[in-house]
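Colleague: Here TrEMBL flags 1-14 as compositional bias 'Pro residues'. The region 'Disordered' feature in TrEMBL is assigned to 1-26. For 15-26, the entry in TrEMBL reads compositional bias 'Low complexity'. According to TrEMBL, the feature domain 'FHA' maps to 47-106.
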Amino acid sequence: MPAPPGFTPEPAPAAQPVSAPSARPAPAVAWRLRTSVGGEIIVAGRVVLGRAPTAADAGPGGIAVPLHDPERTVSKVHAIVMADGDALVVTDANSTNGVAVRGADGTSVSVPPGGSVRVPAGTVLELGRFELAVEGPQGVTR
């Protein structure tokens, strides 16, 4: 339909900039592993543990954490731990001296080479003779 005579259309108002909401990291469920000498490892994703793991061993998004083991009972790449929601999963990376999970009652269960188990808080991971106490889950901001 044509505009009436003498009508001048008004320009549309300029678009107003809109600021995006600030991006805050979402809290992730993380687990804490404590060494017998007071060190700690935060597990919020994939973590490769061993005497000399590399970034390539950890893969994209993973981290490699070397463990100081003067007795050399820990393999170069010994185990993989992953936070999986409200569970911690440990996988034996075909290590020489194995991975065991020791419960609060003192009983140990061996993880089969290449196998994985879900690990509850309050247990101890035994990598060769190296021990890591399992604490978690807890909210951690990445």
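Residue numbering: from 1, along the chain as shown.
Using the three backbone atoms N, Cα and C, a Cβ is placed for every residue, glycine included.
TrEMBL does not curate its annotations; it predicts them automatically.
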Colleague: Across the domain 'FHA' (47-106), what is the average pLDDT of the model, as a whole number?
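Modeller: Reported value for the domain 'FHA' (47-106) is a mean pLDDT of 95.
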Colleague: Going by DSSP assignments with H, G and I as helix and E and B as strand, what are the residue counts for the domain 'FHA' (47-106)?
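Modeller: For that range the per-state counts are 4 helix, 24 strand, 32 coil.
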